[in-house]
Ligand SMILES: CC(C)(COP(=O)(O)OP(=O)(O)OC[C@H]1O[C@@H](n2cnc3c(N)ncnc32)[C@H](O)[C@@H]1O)[C@@H](O)C(=O)NCCC(=O)NCCS
Ligand SMILES: Nc1ncnc2c1ncn2[C@@H]1O[C@H](COP(=O)(O)OP(=O)(O)OP(=O)(O)O)[C@@H](O)[C@H]1O
């Protein structure tokens with residue numbers, strides 16, 4: 001069964017596009033959510049994160065203190081690289097186990113970091129969702145009720161959009177100049193024929 005990766009910069013609309021594929025009956029693996037789930041569920045991983053970032057990385061009830069970790073890692077690329085080295089291998093393993101359980105013509109793996117990690121070796125084709133930087137910043141500020149600098153701090157920890165467009169097999173333009181649904185329907189037909 002084919003695994004199609006969806007990636008793109010923060011606020012590009014990866015999740016929005018993935019949900020359209022889900023409406024077409026295609027199983028979708030959301031890497032952001034899976035990563036945060038593993039960081040709580042996998043006790044060995046959780047103890048590595050506590051050991052490195054401190055007990056404050058988790059609340060007393062065992063849930064992830066996302067803001068505490070985000071404030072550290074998105075201000076320091078070395079700390080982000082350490083967190084990624086803890087979390088990404090487990091997320092890739094999780095996505096492969098998930099994919100092996102699916103019964104569909106193809107599946108989607110939505111991940112912010114596809115080309116930045118080993119993820120793109122584990123999918124058959126990659127879609128990059130593209131939107132201009134200013135639009136992405138505006139969208140994330142509105143969605144997360146956060147400030148511009150916080151969005152830019154994350155953006156600067158991601159691969160350049162032009163490079164992602166060159167590396168991807170397909171590009172979906174989610175720039176509010178073109179409708180997204182016809183682009184998704186076209187790719188759905190392509191993937192069914194793969
Ligand atoms: C730091 C954490 C706890 C913050 O959680 P929070 O709910 O605020 O953000 P969330 O995980 O939903 O990510 C939102 C967006 O931030 C950006 N982002 C997240 N992780 C990273 C990263 N490692 N590098 C660059 N950008 C990232 C992406 O655009 C992502 O879509 C979380 O982002 C995290 O654990 N990141 C490291 C693991 C990871 O890389 N996850 C994402 C892909 S697997
Ligand atoms: N074409 C669009 N028109 C209007 N709003 C949009 C459009 N595409 C996405 N959005 C909104 O912009 C915000 C970011 O979209 P989305 O969460 O899908 O991006 P993402 O790439 O998954 O972001 P992240 O990297 O943070 O996970 C969301 O609030 C979403 O509803």
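Cβ coordinates are placed from backbone N, Cα and C, and glycine is handled just like the others.
Curation does not apply to TrEMBL; its annotations are automatic.
Taken from TrEMBL, the feature ATP binding site applies to 11, 12, 13, 14, 15, 16. Taking a C-beta cut-off of under 8 angstroms and a sequence separation of 6 or more, residue 13 (ATP binding site) has the following same-chain neighbours: 129, 131, 139, 172, 174, 180.
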Sequence-distant neighbours of residue 14 (ATP binding site) in its chain (C-beta under 8 A, six or more apart): 6, 7, 8, 110, 111, 112, 129
Cβ within 8 Å of the mean position of the Cβ atoms of 11, 12, 13, 14, 15, 16: remaining residues of the chain near ATP: 8, 17, 129, 131, 139, 174
Local Cβ density at residue 15 (ATP binding site) - other Cβ atoms counted within 10 Å: 18
